[in-house]
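Here is the structure we will look at.
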């Protein structure tokens with residue numbers, strides 16, 4: 001969710017830069033340098049575990065209280081445990 005919000009804000013920022021550059025009549029936009037500095041937003045977020053229904057290969061890929069279901073495709077499902 002956090003990543004999708006950041007990507008949406010980045011896309012809106014790029015659209016704003018492009019429209020403002022067109023309004024100024026500028027042939028040289030400085031947006032490519034700005035986009036390179038924002039590259040980290042577009043990289044996938046590394047997680048320490050997979051959430052419910054996330055893809056997995058083994059139980060340790062899934063978050064706490066989840067286990068890897070071996071049905072094809074493999075996914076993380078609740079392992080019927082509770083607690084903190």
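Note that Cβ sites are derived from N, Cα and C of the backbone, with glycine treated the same way.
The annotation disulfide bond is assigned in Swiss-Prot to 49-63 (among others). A sphere of 10 angstroms centred on the C-beta of residue 49 (disulfide bond) encloses 13 other C-beta atoms. Reduced to three states, the DSSP call for residue 49 (disulfide bond) is coil.
Taken from Swiss-Prot, the feature disulfide bond covers 56-68 (among others), and the record attributes it to similarity to another entry. Residue density at residue 68 (disulfide bond): 20 other Cβ atoms are found within 10 A of its Cβ, drawing on all protein chains shown. DSSP gives residue 68 (disulfide bond) a strand state.
Residue 62 (disulfide bond) counts 25 other C-beta atoms within 10 Å of its own C-beta, drawing on all protein chains shown. Positions annotated as disulfide bond by Swiss-Prot, on the basis of similarity to another entry: 62-76 (among others).
According to Swiss-Prot, the valine amide annotation covers 82, on the basis of experimental evidence. Cβ neighbours of residue 82 (valine amide) (same chain, under 8 Å, six or more residues apart in sequence): 65. Annotation note: residue 82 (valine amide) sits in a coil segment as assigned by DSSP.
Positions annotated as signal peptide by Swiss-Prot, on the basis of sequence analysis: 1-21.
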Cα-to-Cα gap, residue 49 (disulfide bond) vs residue 62 (disulfide bond), nearest whole Å: 5
Cα distance (Å, whole number) from residue 76 (disulfide bond) to residue 68 (disulfide bond): 5
